[in-house]
């Protein structure tokens, strides 16, 4: 099993909808970007096939997720699925991440029965307080910290104050910040008490993957 705090360091999230800007097919682009990110030190990958222009065919989604998982295994990096519990269990993924609107958290905990690590999105302090003592939740994804264009259904940005407020409440769960995060933001976010950064476009659109991931880590 992976160390959750270490796993959150540079947590890459993507699906084909995030990889339409390159020349090849979106599936090929995703796998190419993922392998480049793995080579250069990401610490976790979440397969998130969701939103406008995402794949709709379940077989295609399964096959692509399986290929992404194979890459992650090659580099010994944890592989998460966003929201789709059936897919995560079928693939024997390392974990699943759910949002506040996806499913009842306690039902998910019961369904996965300790077979998967579990991350939960947190958009305000009340949500964090409600979930802080639920056994089976391994980390909180906090945000969106900044305005983001990667998610069409993103909530209003919360800034760094939410991270600080969560830590002031002595909530011990590991935290990963998400939402509009670029290289220049890393230091300030981590100093607020986050264990890592969840990244979409700063990696999918990086012109220098080695430099980008180095800057996110340092």
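Placement of Cβ uses the backbone N, Cα and C atoms for every residue, glycine included.
The 4-amino-2-methyl-5-(diphosphooxymethyl)pyrimidine binding site annotation in TrEMBL covers 46, 47, 48, 49, 50, 82, 121, 151. Secondary structure from DSSP puts residue 50 (4-amino-2-methyl-5-(diphosphooxymethyl)pyrimidine binding site) in coil.
A coil conformation is recorded for residue 102 (Mg(2+) binding site) in the three-state DSSP classification, outside any helix or strand. Annotation source TrEMBL lists Mg(2+) binding site at 83, 102.
According to TrEMBL, the feature domain 'Thiamine phosphate synthase/TenI' maps to 10-203.
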Could you tell me the C-alpha distance between residue 121 (4-amino-2-methyl-5-(diphosphooxymethyl)pyrimidine binding site) and residue 83 (Mg(2+) binding site) in angstrom, no decimals?
-> 11
Can you name the residues of this chain that are 6 or more positions from residue 48 (4-amino-2-methyl-5-(diphosphooxymethyl)pyrimidine binding site) yet have a C-beta less than 8 Å from its C-beta?
-> 13, 14, 15, 82, 83, 97
Most Cβ neighbours within 10 Å, among the binding-site residues 49, 83, 102, goes to 49
Which whole number is the mean pLDDT over the domain 'Thiamine phosphate synthase/TenI' (10-203)?
-> 95
